[in-house]
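The transmembrane segment feature in TrEMBL is assigned to B:6-26, B:38-58, B:88-112, B:118-136, B:184-205, B:230-254, B:266-297, B:327-343.
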Amino acid sequence: MSTLTTTLGRIGGVNLLPFAVAAVAFLLIGAPSSWVTLTIAGLAMGMMLFLMASGLSLVFGLMDVLNFGHSAFVSFGAFVSATVLAGLGGWLAADSWALNALALAAAYLAAISFGLVAGWFFETVIIRPVYRDHLRQILITIGAMIVAEQTILAFWGGTPFSVGRPHFLEGSWIIGDVSIEIYRAFAFALGAAVFVMLYLVLNRTRIGLLIRAGVENREMVEALGFRVDRLFIGVFMLGSALAALGGAMWAGYETLITPHLGSELMIVVFIVVIIGGLGSIEGTLLGAILVGLMANYVGFLAPKLALASNMILMVAILLWRPNGLRPAVK
Amino acid sequence: MSNKSTTGALAIKGIVALIGALLLFAPFLFQDVRSLEVAARICIFIVLVASFDLLIGYTGIVSFAHTMFFGFGAYGAAILLKEMGPGWTPVILGGLAGVAVSLVFAVAIGLLSLRVKAIFFAMITLAAASVVLVLASQLSQFTGGEDGITYRAPDLFKPATKIFTDADGKVLSLWGVKFNGKLAAYYFVFACSLVLFLLMLRFVASPLGTVLKAIRENEARAEAIGYKVVAYRTFIFCLSATIASLAGTVYAVWLKYTGPDTSLSFAIMIDILLMVVIGGMGTMWGAVIGAVLMVVAQYYLRDLMGVASEALTGVPLLPELLAPDRWLFWLGLIFILLVYFFPKGIAGTAMEKGARA
C-alpha cells in the first residue's frame, strides 16, 4: 500500500484526480465522441472558473481576507464587456477577421481595466478598514455585493442581456464524429495562457517570490522590511481583473446574461476554492478543472444531480483532506 | 452585565415592550388586511432573526443556511397539509419532520465543518443552502417546484370560522374586529413567536448562554478553561436550526402557501442578515428592533421610494436608483455604513449610552 502511495505521489499525486475522473466518466458514458465533447466543455468551464477563483484564493492566502463580494467583479466584467461588444456591433458584424478580433480584445481590455480600477477602489474603501476581523469582513463584503448587484440592475435593467460573439468563434470543428465548439477551445486556450503567465510570475519573478513568501508567513516578510500591504493591493487588483476577465469570457459562453450571474457563479467559485485549498493557484486550477469536468459529466449522465454533484465532490474531498487538495503552506 | 444599568438599555427595553404591546393588539389597532400581514411577518421574523442572532451575535458563527432550516419547517408542514388535507396532525407531524431534517443537516454540517477552518463555515453553509434551494425547485412532484404549494390551513383558521357568536348566532365582534378564523390564525402566530422568543431570552441568560459568549470573546481561552468549544458550537447550531424550522412551520400555516420565494430564497437570508446587523448583534432586543424596522421598510418604504422616483423624473440615473425595486441598494449602503461606524447596531449602541452609576 505504501509503495503504491509513493508511486502515485511520484507521478503526480492529487494532480491525477482529474484524469481519474475523466477515465471513470469514459467508462460510464461509453460513447467516445460525446466523452470528448464533454471533456472539452468541462476543461473550458474549468479554465473560466479558474480565472474567477484565482484572485479570491490568493487574496485570502496573502491577507486572510475573505471577499464575499468577489462575484461583483465577475458580473461587472460580464456586463462591461457585453456593453463594449454591443457598442462595437459594427466591428463585430464586419466580415473582417481582424476587426472581429479587435472588438473582442477591446471588450476584454475594458473588463480587465474595469476590474483593476474597481479592485483598487474596493480594497481601499471597503476592505482596508476591516483587516483582521473576519466577521465584519464577511458582513461588509456581503453589503458591497448587494450594492454592486443593485447597481448593475439600475444600469442595465433586469432583463437578460444578449452578448455578441465574434464570427470566427461561432460554430464548431468537426473531426470524425467529434464536434468541438470553437468558443470552448478558445476559452480553454486563453485560460491556460493566463495560468501559465500567473505561474511564471509567481515562481520566476521577485514579486512572485514576495507574494509566495507573504502567503506563507506575512509577519516575517514584513519584518524583513517589505510592504506587504502594498503588495496586497496589487494582488487584489490583479485578482479582480482576472475575475472580470473570467466574467467576460463566461458572458460570451452563455451569450445571454442576467445581473444575477455573479451570485449564481459565486457558489461554484467557493466550492472550487475550498476544494483546491486556499492560497495556491495550482490548487485552484486543480479544483476548477475537477468542478468543470464533474459538472459536465454529471450533467450528461444524471442531469438532476448536476448542481448537487459539486456539493458531493466538496464534501468527499473535505472528508479526505480537510484543507483542500493543495493548500499553500501555512 | 453593565448594560442593565444604562438609561439606553432601559429605553431599548421600553421600545421592545411597546412593540410587543402593539403586536398583541395589532388586529384591533390596524384594521386592514395588509397591516395584519405585516404584523404576522414581523412576529415570524423576530423569531427567525433572534435564532440567527444566537449564532452570529452570541457565538460568532456566520451561517448562510438559516433560510434552509426555515424552509425545511415550512415545506414539512406544507407537504403534509397538501397530502393529508387540513388538520392539526399534518401541522404537528410536518413541524416535527422539519425539525428532524434540520437536525440531521445541522449535525452533518457541524461535524463536517469541524474538520475545516472556521472561515470555511460561511462558505460551506452557503453552498449547502444553494443546493437545497435548487433541489426544492427541481423536485417538483414533492415541492411544487418554482410555483410552490398552496394548501388549506386547519379549519380553526378559516376566515368563515366563528370563534365566539353573539345572541343572533353571528360572529361576535369587538370594536369592529370580528372574532373569526383570521384572528385566531394571527394569535396562533403571535403566541408561537412569543413562546419561542421567551425561550431564547431565557436561554441566553442561562449559564450555557454565558459559555457561548465566552467562546465568542476568546475561543482559545474558553477551550483552555475546559469548555469543549466544538461541542458547544454544534449544539447552538442545532438549537438555532430547530427554532428556525419551527418558525418556518408557523409561517407556512399562516401563509397557506409555501414556495422557494417565501421560505428558501437567498433574498430572505440577506434580509435576516440585514435585520441582525441593523438591530444589533448579540442582543435579543436588537433582533426585535431590526425585524420591525426592516419589515415595515419592506412594505412601506417602497411606496415612498416610488413617489420620490416619480418626482425626480428627468434627473439622470437618480430615478432608476430610487425606483421601488432598488430599495436593497440603499439598504446595502446603510448596512456597510452601520458595520463601519456602529458595529453593534441600533440596540447595542443605544444600550451603551447613558451609563448610570
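Cβ atoms are placed via backbone N, Cα and C, with glycine included.
Remember, TrEMBL labels are computer predictions, not curated facts.
Small disclaimer: the values here were computed from a predicted structure and weren't measured.
For the transmembrane segment (B:118-136), same-chain residues at least 6 beyond its ends with a Cβ under 8 Å from one of its own Cβ atoms are 61-65, 67-68, 71, 75, 105, 109, 112, 143, 260, 264-266, 269. Among the recorded stretches B:6-26, B:184-205, B:230-254, B:266-297, B:327-343, the one sharing the largest number of Cβ pairs closer than 8 Å with the transmembrane segment (B:38-58) is B:266-297. With pairs at least 6 apart in sequence, the transmembrane segment (B:230-254) and the transmembrane segment (B:266-297) have fewer than 3 Cβ pairs within the 8 Å limit; the two do not touch. Long-range contacts of the transmembrane segment (B:184-205) within the same chain, counting only residues at least 6 positions beyond its ends with a Cβ under 8 Å from a Cβ of the stretch, are 20, 23-24, 26-27, 36, 39-40, 43-44, 46-47, 50-51, 54, 58, 153, 156-157, 161, 163, 212, 239, 243, 246-247, 250-251, 253-254, 284, 288. In this chain, the transmembrane segment (B:6-26) does not touch the transmembrane segment (B:88-112); fewer than three CB pairs sit within less than 8 A of each other, excluding pairs fewer than 6 residues apart.
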